[in-house]
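Trainee: The feature transmembrane segment is assigned by TrEMBL to A:59-79, A:91-115, A:122-144, A:150-179, A:191-211, A:239-261, A:282-306, A:318-351, A:363-383.
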Amino acid sequence: MSDETTASAARATAGAIGHGTLVDPRGLSARTDRAGTTRPAVVRTLAFLRKLYGLVQRYFPQFLIAGIAFAILKVYANGGLTLMGAQIKNALVLGAIYALVAIGYTMVYGIIELINFAHGDVFTLSGFYAFVIAGLSGGAIGSLATHSGIGLLLALLIIFPTTMVAAGFTGVVIERVAYRRLRDAPRLAPLITAIGVSFLLEGLMLVIFGADNRPTKLSSWITGRAVRVAGVDVNWKDIFVVATALGLMFSLGAFVRITTLGKAMRATAQDRSASLLSGINVNRTISATFFIGSALAAAGAIVYSINYDLIQWNLGYQLGIIAFTAAVLGGIGNIVGAGVGGFIIGVISVFGGQLAGGEWSNSLVFAILVIILTFRPVGLFGVDVTTRA
Amino acid sequence: MILTKRLLPVVGVMGIAALSACGTSSTSSSSSGGGGGNLASCQGTFTVATDLPLTGGDATDGPPVEKAAHLAVTQALANKTLGGCTLKYVSKDDATVLKNGHDPAQGAANITALSGDSSVVGVVGPFNSSVAVAEIPIASQNHLPLISPANTNPGLTQAGTSASIDTNSLYPGVHSYFRTIGTDITQGEILAYVATKELNFTKAYAIDDQETYGKGLSTFFQKSFTADGGTIVGTASLPGTTKQFQTQVADAQSKGAQVIFFGGTSGNGCGILRSQMPASIPELGGDGCQDNKFITDAASNAAGAQVTSAPDASKLPTATKFYSDFKSTYNEDGTESPYTPYGFDGMNALIQAIKAVLTANNGQPPTDPMTFRDSVAQQLHKLNYPGATGTVAFDKNGDTTQPGFSLYTINGTAWAPKQLLTADASGKVTVAS
Amino acid sequence: MALMEINNMVKRFGGLMAVNDVSFAVDSREIVSMIGPNGAGKTTAFNCITGLYPITTGDVLFDGRSITGQPPHRITRLGIARTFQNIRLFSFMTALDNVMVGAHSWMSAHVWDSVIKSPRARADERRVTDRAHDLLDQLGLSRYAGAYARELPYGLQRRLEIARALATQPRILLLDEPAAGLNPQEKKELMALISRLREEGLTIFLIEHDMRVVMEISDRIVVLDHGVKITEGRPLEVRNNPQVIEAYLGHGAAERMADA
């Protein structure tokens, strides 16, 4: 007889309590919980906090809208209609740019679940594309744009497609070279690669275009005041920025909903293998997604240049993070959400800056990011992914 | 070298002869120009250096000043200002790619390296107050004289004047810091004077770039503007990366601001702010805005900005020779930055101080490098040198005794001086020219 | 002539031989079932045929040409469509959109046509929409056309998946347990549907556990166990094959059944 069997035999004879049983008899006795006793203050506070958390989580959009409405009214009370109007205008202009960039983040996340950190830099690079294209043949496009109304239209018809296509191909190349091989790798690998691509693009722009901000000379394209509402000068430029952004976003929405490619994108986002077996070329669909996202960032860069007349190698870094916040706010993966999120972030940035001081603008935006991730990680529209790409 | 060695005994004999001649005829052996007798026997090579931002976003600020300082060294060597002794010139760049311009950490590294070299007796620099904060303690501990051509933050020398600088902690060793330009207290007083007395404004909105220089200048402007009867209707403090100022401009407009003041540099948005302001509201700023970057950034809106900067020396008769020498040496006008002649005067002040030390020490350098540096600092305090920009003299804090600033406006596509203003100790501003 | 031919197909996952040297053929307009106990490698074989998994060794011939190593979307375009054991519809798209996605494979327009909305893309889209409506109509799903796929009752989701597969214009349809989870009435409808598809010229290859369904509709049955094909034949032959009974009921079962 081996030692082991002796030991187990000894245990068996020792009775029910001991290491020989699977069921610990102590666990079989009746138990009472501590519910009957009075709970200490800490526990009560925690319970209250948990309730509060649940409340905020449940009514997050309502809280957000109430907060924004309060901020707008507060500005109205402090500075009157003119200030409120001027800041709404500023918020819309800024929000339009954020929205255009945010869509790229959301589309790429939707389809391959990657936070494409290089997207902000694609925005910057597109600004330089526009800068270079506008400067070709001695700034011929620029002089065309400032020459007459028709000239401006022609110039816009040249600069938008060329820049957007160039940016689109940049996005496609980035996906092909840096992300495709890692599509089935653990999530962290493509994420780190994305950060690497971001640094690479920033470095390239720094070397090629220098460290200083460069005037793009696009601000002279669209000038003049369109209307004056309640003492607020609304310039053609402002209208152009917002109209371009809204126009592009609605076109994209329709594109994704109606066209075959759009359907393929949504299908790929939802089930990649089922899409493959429905005859969808998933690689090409993903390329198309990068193309469209980057092209929209390029549109954002052009309207940015027209509005602010500058571009700098690291511009997209911070702007990208803010746009990413907008995408998360709207529900990452949701195109409509990204658009709405962009405008909401614009409002938060401007009205927060007005009320709390400009130095708090970015802090407020990132505080919103933390709050969303805590209370509503799916974002405002996360649940309804009807237009998910 | 061979020539010098062979000539030395000869010069030495002549020197002794001259000395004995002087000694018999007069007791004032240390009078200017007369020291040559001593100095001819001087032996040794000392290093003088500049530490300025030469690359990146500051590439328009540092290089002309550096060239002017270098010119001063070249001329001193040619004129044998130090007699038998010679000077070695070293140029350090405190700009880094990381910061796209001046970087306090790089400045500190530069001064540490220069301090460790016992042949270095003085440095012209730095350009930026934030770099000075990093450099002064190192220079102080190593007794190394620093002569800044452009630091305007009063906290560098006067305790209790800057919220962000603890002046006393800057000097753990000796006080070896000097500057040839007035402080931001004076600059703020002058800007407030321009706003209230010349432009007749009563409501101003102040924005700063969150840096030592910008915040400080903004504070002094606000103080003087209020003292002059104006009201600050609003303020904002925005990071240097800010590219959108519309929120603040709208805020300023709604509060009835007649002028927007920017405390900061062009690299931190002075010109970008201008481009986003309505042309009807002027922008006021300090010397950080007075450069070509402002004009580029402000684009079509550049006119309507009024800024103060170093007194314009280009029209001064004392500077005529400097500008013609600069032009013939570098084939540049040197008028792009008003600080250019201050680099020249700063380096000349240093050389004059070295000369005074040598003269007082029988034409020979003190053997201990620390004593040498201390003596140079002492001589700088006593200095009264007729430079290109006027008399170069320092008070007990190392500040210039001639604080003044010129007001510049945009004329076509360049900055043009409008008038020179000075302020006395009580803060009373007068228009000098 | 065989429409689809599997020759010595091997699929290895590390040390596990999921499919071990399996060969069989499916003739045109035939209904062939693949049966076998859980874990026999049936779904793996499906995935290998449709290109989702690369085949370790062996060859798949379709219409006489090798399709081994082709990407799945191209295999689908050649005419092999499939459904999934656990329904994999695009749940956040409408029933109509799901079917239209299936029609993607035979559209002549390219990405660019789609972006610029060329006449070709428009014509294509009209045809696709018409065809999708037609399919929903014939499968009795037209009233759900605008509903999200996930909102459909389970049985109809199965049917919608078949509609999506049919929209790819297949020559052969691979059905992975189409009867799973269906009630007897729905099973009856399914069998009628499969027969009708064959009548219309389609070849059907299915995996199924429900023996009543298998025995009733299959022309031939392939039996897999532990990745190995143990037999192949007409329903009656397979039903009485001792090896098959053993595979399903364990060692010795055949003798016991014979005794009974």
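A Cβ is built for glycine as well, from the same backbone N, Cα and C atoms used for every other residue.
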Trainee: Considering only the recorded stretches A:59-79, A:122-144, A:150-179, A:239-261, A:363-383, state which has the highest number of Cβ pairs under 8 Å to the transmembrane segment (A:91-115).
Mentor: A:239-261
Trainee: Per the definition of 3+ C-beta pairs under 8 A with sequence separation of 6 or more, do the transmembrane segment (A:282-306) and the transmembrane segment (A:150-179) touch?
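Mentor: Yes, these stretches are in contact.
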Trainee: May I ask for the residues of the chain that lie six or more residues beyond the transmembrane segment (A:191-211) and have a Cβ under 8 Å from a Cβ within it?
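Mentor: For the transmembrane segment (A:191-211), the sequence-distant neighbours (Cβ-Cβ under 8 Å, at least 6 residues beyond its ends) are 114-118, 120-122, 124-125, 128, 131, 174, 178-179, 182, 311, 313-314, 317.
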Trainee: Ranking A:59-79, A:150-179, A:239-261, A:363-383 by Cβ pairs under 8 Å to the transmembrane segment (A:122-144), which is first?
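Mentor: By the under-8 Å Cβ criterion, the transmembrane segment (A:122-144) pairs most with A:150-179.
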Trainee: Sort out the residues at least 6 away from either end of the transmembrane segment (A:150-179), same chain, that have Cβ-Cβ distances under 8 Å to it, and list them.
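Mentor: For the transmembrane segment (A:150-179), the far contacts come to 104, 112, 114, 116, 118, 122, 125-126, 129-130, 133-134, 141-142, 144, 190, 193-194, 196-197, 221-222, 286-287, 290-299, 301-302.
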